[in-house]
């Protein structure tokens with residue numbers, strides 16, 4: 001009777017348990033090219049879907065972060081968020097909410113793909129078995145994976161911000177934006193060095209704001225892993241375990257014991273832990289994001305034309321503090337809170353489904 005219940009459970013869960021059981025019984029070679037390609041595709045598609053879902057909020061957030069003169073008056077409140085959305089709708093229509101989104105998709109697919117692939121490979125090196133698993137090793141795996149993906153795709157993020165910054169019916173070609181960024185004055189440190197070629201100094205313009213991005217990765221990754229593990233531990237306590245843990249059959253429990261894996265949380269519990277981690281990590285790293293956004297448009301005037309003045313991180317930070325005080329480093333954070341939950345939920349759902357369909 002017990003085995004019949006187990007079979008019916010597996011049938012009700014369709015192909016998911018079949019694939020999971022196959023993957024558990026047959027060791028997966030995560031170093032194989034096939035696994036790298038499949039995990040990259042799964043990560044890329046999940047990232048693209050998540051970014052498309054929150055694209056309108058992302059456009060408004062960028063306008064707030066960069067202190068766009070047409071939208072600065074709306075920043076700082078949820079009412080202002082609604083008013084900014086109305087302004088975009090009246091002036092640019094639906095397309096205005098997705099301005100620069102094509103570049104976002106071009107960037108996010110390789111970004112998410114590289115991030116997931118790099119994390120899996122780096123984690124295999126730093127955590128070859130469960131006995132090596134610690135918070136610090138998880139943090140290092142995530143941080144290094146993030147640095148790899150950011151370095152490869154950062155120029156596309158800069159172009160996306162420039163496109164999103166342009167407002168008031170102005171349409172800018174992607175090629176023109178790329179040319180303008182390259183032609184902008186290079187960093188004084190690079191241009192004054194006789195050993196650095198001029199073309200390389202101008203190519204580095206595409207990495208304007210990269211340093212605060214790297215600096216922000218440290219608190220972002222640290223707080224993210226800490227908050228995620230904290231909620232996981234709370235949900236697995238006796239008080240919450242019966243509500244939060246996924247019900248398993250005896251055969252599935254045996255597989256977990258053999259693999260020395262922990263019992264998985266239910267989908268909603270995973271989403272809550274991921275959403276909470278996203279909110280906490282975004283709060284910790286948000287000032288660096290504000291500085292990064294301002295650096296990315298620092299050479300643009302209110303008329304969206306580039307000037308010949310390059311500003312450093314310290315100069316940008318001083319300007320932000322002078323304009324709005326410490327609150328200036330958290331402009332648009334409320335939008336980030338609103339968008340992080342559906343983004344994490346969408347990314348989690350699509351990634352898990354893609355892993356199922358691709359058999360990994």
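Keep in mind that glycine also has a Cβ here, set from the backbone N, Cα and C atoms.
Copied over from TrEMBL:
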type	residues	note
COMPBIAS	1-10	compositional bias 'Basic and acidic residues'
COMPBIAS	11-23	compositional bias 'Low complexity'
REGION	1-23	region 'Disordered'
REPEAT	34-125	repeat 'Solcar'
REPEAT	133-234	repeat 'Solcar'
REPEAT	265-357	repeat 'Solcar'
TRANSMEM	329-351	transmembrane segment
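Residues 42-43, 45-47, 49-51, 53-54, 57-58, 60-61, 64-65, 67, 75-78, 81, 116, 267, 270-271, 274-275, 278-279, 282-283, 286-287, 290-291, 320-321 of the same chain, all 6+ positions outside the transmembrane segment (329-351), place their C-beta atoms under 8 angstroms from a C-beta of that stretch. Assigned with DSSP, the residues of the repeat 'Solcar' (34-125) fall into helix, strand and coil as follows: 78 helix, 0 strand, 14 coil.
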